[in-house]
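Q: First the structure, then my questions, so here it is.
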Amino acid sequence: MAHVKRYRRSSKSSEEGDLDNEDYVPYVPVKERKKQHMIKLGRIVQLVSETAQPKSSSENENEDDSQGAHDVETWGRKYNISLLDQHTELKKIAEAKKLSAVEKQLREEEKIMESIAQQKALMGVAELAKGIQYEQPIKTAWKPPRYIREMSEEEREAVRHELRILVEGETPSPPIRSFREMKFPKGILNGLAAKGIKNPTPIQVQGLPTVLAGRDLIGIAFTGSGKTLVFVLPVIMFALEQEYSLPFERNEGPYGLIICPSRELAKQTHEIIQHYSKHLQACGMPEIRSCLAMGGLPVSEALDVISRGVHIVVATPGRLMDMLDKKILTLDMCRYLCMDEADRMIDMGFEEDVRTIFSFFKGQRQTLLFSATMPKKIQNFARSALVKPVTINVGRAGAASMNVTQQVEYVKQEAKVVYLLDCLQKTAPPVLIFAEKKQDVDCIHEYLLLKGVEAVAIHGGKDQEERSRAVDAYRVGKKDVLVATDVASKGLDFPNVQHVINYDMPDDIENYVHRIGRTGRSNTKGLATTLINKTTEQSVLLDLKHLLIEGKQEVPDFLDELAPETEHQHLDLGDSHGCTYCGGLGHRITECPKLEAVQNKQASNIGRRDYLSNTAADY
């Protein structure tokens, strides 16, 4: 007989009772259920527009009772107030919550900018280690004429206002409206006349007196505004002064260093220095020796000039670091440093290279930074390397030149190359065609040659001799079309370029501004045509759309329809418009694709070994 398990009656009944208690649901009256339903609905609406910081669980428990009552009062039916008054009250509450969302956005942007600003100062390793900080700018012997020194602040501001010059910084120099009043010698004036330059441009009116006075400078002006002369003429004058006081002996120098981001720009800057040096020598003044140090040229050419004593060196970062590492060149005497297109060189990719170059200086120097696109994050970071800098801004940083008519056309990817022939019919030569990829440049070049167009091409994959030959042939007018990657977009000055064609849209809007700035230079008119299609990133198209609106250009329908619902959201917050990181007008820093790419790159480099700086590419 099987054994039957027995249970105690009392324990069984208590277990059943516990189970019954667990399943028990208290009865809630209909009126109370309606009330709770109203609270629930109110909370849903409230959570949608909620922007305050989330509370801890304990705070929520404490506030539940009072919050529930408040929600009933706010969102429930009010019999003693009309529906119109209730609607007005709810609208005010929604507006208040919207304002708090804007404040939250601004607070978030401030945090991002602070995290960027917390990087190491842009100084040499020795200066950072010893905590060296220079408090006063370098003093020079140059002074403006007395009648200009005696101008009142109101008169100076009137000149700046007329020329649309914005100046920031302590006690900036007065603006001077003629080269003769800037006390340039006859040789310089002859050199200016030979190039057909009669009066200074706005950036030169304020920039030249500032640099001649020895002040550190951040110069921002649209492409083709004459920034090069602002740093070339003063360094020639300082070198001349040094040569007069004590002539340079063998292997001495340089006094001035100019760093350029590309070989073509370095070559162009060196040729400008040689032009004015020859005119000075023709007037019986000492020879100013300048040296070009860049990849693709034999080091022996630079060594020849350095061995005789060099006053000015124009260099690209890769070759410069190589020469400094090998002690071919020293910066012991260097007191003048200029970085052309500085935003590119201080940008994340080349920041360490610049810091390495700074560490070779042995004393205080006058530092100048120039570019057409200088976002706030670069300006703030660059100030760590400068002493009481003066910032001169002619037009918004990153704005396109008003002399350029911009046209944007939608063309399918497979039809682009053929469509280039139609674009070439719009204007007379010379024409510049830009493409992102080297293979696209080669493809376009080959197609144009097959169609009988006189074209040349340059990109980073070609050797230096071929690049120089192509640029020279295009510059003197032997060739009608130059096809190039962005290597030709920064700072290069080609005479009378009628038309710039963007075969594709660059990755960021700064490159677009540099590209179209090759035309419409020195108060001439130009045309820029950009071909886009579905492969183009929407964030860049939004930036382009807002750039066209800012420049009062025609916006095509396919761009006008782009993201209309986000048109007004948060683009004008606080003092800034658009993104403070990259300068794009179509987004804020919280959605910046460039910042995101930089952060991803930094994250991917975590844990990797640090490569020696002297192996850096000569970009």
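Don't overthink the numbers, they just go from 1 along the chain as shown.
A Cβ is built for glycine as well, from the same backbone N, Cα and C atoms used for every other residue.
Here the structure is a predicted model, which means the values were calculated and not measured.
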Q: Could you let me know which of Ser11, Ser522 shows up in Swiss-Prot as phosphoserine?
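A: Comparing Ser11, Ser522 with the record, Swiss-Prot tags Ser11 as phosphoserine.
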Q: Can you identify, from 127-144, 163-180, 253-270, 577-594, the stretch that Swiss-Prot calls zinc finger?
A: 577-594
Q: Between 340-343, 504-507, 508-511, 608-611, I'd like to know which one Swiss-Prot lists as motif 'DEAD box'.
A: 340-343
Q: Choose the correct range: of 1-25, 451-475, which one does Swiss-Prot annotate as region 'Disordered'? Give that range.
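A: Comparing 1-25, 451-475 with Swiss-Prot, region 'Disordered' matches 1-25.
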Q: For which of Ser58, Ser604 does Swiss-Prot record the feature phosphoserine?
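A: Record annotation (Swiss-Prot, phosphoserine): Ser58.
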Q: Should Lys227 (ATP binding site) be counted as helix, strand, or coil on the basis of DSSP?
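A: Helix, per DSSP.
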Q: Would you kindly list the residues that approach the motif 'Q motif' (177-205) from elsewhere in its chain, counting only those six or more residues past its ends and only Cβ-Cβ distances under 8 Å?
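A: 142, 144-145, 148, 159, 163-165, 212, 219, 221, 225-227, 229-230, 233, 236-237, 240, 275-276, 278-283, 285, 392, 394.
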Q: List, in sequence order, the same-chain residues at least six positions removed whose CB sits under 8 Å from that of Thr223 (ATP binding site)?
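A: Thr223 (ATP binding site) has long-range Cβ partners Ala372, Ser401, Val513, His514, Ile516, Gly517, Arg518, Arg521.
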Q: Where does Phe222 (ATP binding site) sit in DSSP terms: helix, strand, or coil?
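A: The three-state answer is coil.
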Q: By DSSP, how many residues in the motif 'DEAD box' (340-343) are helix, how many strand, and how many coil?
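A: DSSP composition of the motif 'DEAD box' (340-343): 2 helix, 1 strand, 1 coil.
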Q: Just to confirm my parser: what is the rounded mean pLDDT across the motif 'Q motif' (177-205)?
A: 93
Q: For ATP, what surrounds Ala221, Phe222, Thr223, Gly224, Ser225, Gly226, Lys227, Thr228 with a Cβ no more than 8 Å from their Cβ centroid?
A: Thr201, Ile203, Ala372, Gly517, Arg521
